[in-house]
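Everything below concerns the one structure shown next.
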Amino acid sequence: MKIMMMIKLCFFSMSLICIAPADAQTEGVVFGYKGKNGPNQWGHLNPHFTTCAVGKLQSPIDIQRRQIFYNHKLNSIHREYYFTNATLVNHVCNVAMFFGEGAGDVIIENKNYTLLQMHWHTPSEHHLHGVQYAAELHMVHQAKDGSFAVVASLFKIGTEEPFLSQMKEKLVKLKEERLKGNHTAQVEVGRIDTRHIERKTRKYYRYIGSLTTPPCSENVSWTILGKVRSMSKEQVELLRSPLDTSFKNNSRPCQPLNGRRVEMFHDHERVDKKETGNKKKKPN
């Protein structure tokens, strides 16, 4: 039961990105997405959450053209994903999928991060050029030093997303468990090929930020894929269906950039000047 042991360890050691105990709380403090426990109040709910209010490297952000810098030293994302066991989990404030040992790794700036889980937010947390999308997928990886790397994909309403189509029956079962009163249900998925989740990209954005839920720790390397993917409206509702009403819209508002640098990778040396705020000088 390695997958179940890993889930327990994750619940114990990581209150990140809504990996929280069963009642959507950390350190015994309930947090939410509106009202007295909403994002604007997170920093005042518990001393351990103070960074949510005073941190200067908070996430998510709105990635604006004028703030983007093309970095020719960045490399394409190197990800190695494999077959592994998986479990779908209702985390009260989001739907997540935990992976067993050996799920894969991502290498960012010569640092290795191991794939732990993925989860969805509806609507998207990050905005791209002022646009908020229908959903956002977070692939969560952790390094040996405890820091995190999250690879995020934005989704617009359109054609069905193939991986979610495969998970339809499991998501329906997760919803049925909630209706029975089990608000922290777990549904065994079995062995899956995590390579089916990976998507190649010719462009991405990178910046240093934080967890998007309490305690909002500022130890996350964010990679936002430049290509916006599609999922159907029905799939968006399917992701929301296992959650209580107060968590169906589970996106934290965008946070100030505070002078941070948002870098862009593009596999072409020539970058459209409309995409970036730093224009290259013409040669003499």
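The backbone N, Cα and C atoms fix where each Cβ goes, and this holds for glycine too.
According to Swiss-Prot, the cysteine that forms a disulfide bond with Cys216, out of Cys52, Cys93, Cys254, is Cys52. Here Swiss-Prot has His119, His121 binding Zn(2+), and the candidate from His127, His129, His138 in that same listed site is His138.
Neighbour counts were taken at the CB atom with a 10 A radius for the recorded positions Asn112, Asn182, Thr212, Asn249; the maximum falls on Thr212. Note: the CA-CA distance between Asn182 (N-linked glycosylation site) and Thr213 (substrate binding site) rounds to 23 Å. Ranking the recorded positions Asn85, Thr213, Asn219 by the number of CB atoms within 10 A of their own CB puts Thr213 at the top. Residue pair Cys52 (disulfide bond) / His119 (Zn(2+) binding site) shows a Cα separation of 20 Å.
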